[in-house]
Each structure stands twice: as C-alpha cells, then as structure tokens.
Amino acid sequence: MTDVVPVPVRQLDPELPLPAYAHPGDAGADLVAATDVELPPGGRALVPTGLAIALPPGYVGLVHPRSGLAARLGVTVLNAPGTVDAGYRGEILVNLINHDREASAKISRGDRIAQLVVQRVARADFQAVAELPGSRRGAGGHGSTGGHAGLISPPPGVGPAGDEDGRGDTVSVNSGGWAQ
C-alpha cells in the first residue's frame, strides 16, 4: 500500500496547477513551467514552477527529469535528482539543461518539465572509524562488475583515485578515459 502524505502547497501563481500524478500508481507528480524559456544547444536555466511546498519532517522531494523531454528534445534536469528538503519553503526551481547539440528547446508556460517524487528519508549518524568492515564488493566501482562491451579493464597502475597517495586530490585522464 502506498502512503498518502499531506503536503501543503503555496501557489505563487494561482493559474498554474498543483503537482499532479498523470496515472494511478505513478511515483512522480508533474511540475510545470511558470514562464516561457528557450534553451539554446547546451544551454541551461533555472525554471520557476510557481509552487512552494512544506514537506513534513522525515520526507524529501526529489525533482526527476521527464523521460519524454529527454528522449524527444534532449532536455533533462541538470542536477538530477534535485533535492527539496523538508525545511525549504521557497519556490521550487527546476535546473534544466538542453543536451541537444544543434536545436534549441522551447519550454512554454504550463509545460510539464519535471516530476516530484516525495519519499521518506533516514538521517545518517556518521562516525569516523580507522577501518571499514569488509564486504564482498570491496572498493570495486565505476564499471568494475562489467556488463557492457565498452567497459574495459584499466591499464596497470591506473586506479580510481588517480594519484599516488590515493587521496583523490590529483587526477588526470588518459585517452581511454581512465584516471591516471
């Protein structure tokens, strides 16, 4: 069963709709653009939604891209997912980017531009330790499990940190795309 979480919404622009789910069972509620925006190739913009919300403590709003905008126009949420913390009371702004290299993307007032997913969060109690407990995976990451023909093993001596002390403060990338 899906929890129903009451979320107070302040309509900064009363002519725009409240966030709404397109279909029963959808995880994301649509957010619309409050203004017209033209994104040139590679361009980005913070697009207002005309909405401010008050999430209850213990919840977060995650602003996700709309798959149709990405597939058809090359437009997505730059910082996906964007985070709307429970204590934030300002207008929800969507950070859109046009990844198309040739065509501008026109966003019109009222266009659905993103989806808001509301979910519970756990707060971590971070604790400094000298060593981490072992795991089967270990430190493997960034393609270490394979699964794609383009994932090749890094050259000998090249690691994820890219520097001799392993601190990650010096990174250069070779022609194969690996840190060295």
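Note that Cβ sites are derived from N, Cα and C of the backbone, with glycine treated the same way.
What TrEMBL says about a protein is an automatic prediction, not a curated fact.
As given in TrEMBL:
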- 16-146: domain 'dUTPase-like' (DOMAIN)
- Arg66, Ser67, Gly68, Asn79, Thr83, Val84, Asp85: substrate binding site (BINDING)
- 133-180: region 'Disordered' (REGION)
- 137-149: compositional bias 'Gly residues' (COMPBIAS)
- 171-180: compositional bias 'Polar residues' (COMPBIAS)
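Across the residues annotated as binding substrate (Arg66, Ser67, Gly68, Asn79, Thr83, Val84, Asp85), the widest Cα-Cα separation comes to 26 Å. Sequence-distant contacts of Val84 (substrate binding site), defined as residues of its own chain at least six apart whose C-beta falls under 8 angstroms from its C-beta, comprise Ile53, Leu55, Val60, Gly61, Leu62, Val63, Ile92, Leu116. According to DSSP, Thr83 (substrate binding site) is assigned to a strand segment. According to DSSP, Ser67 (substrate binding site) is assigned to a helical segment.
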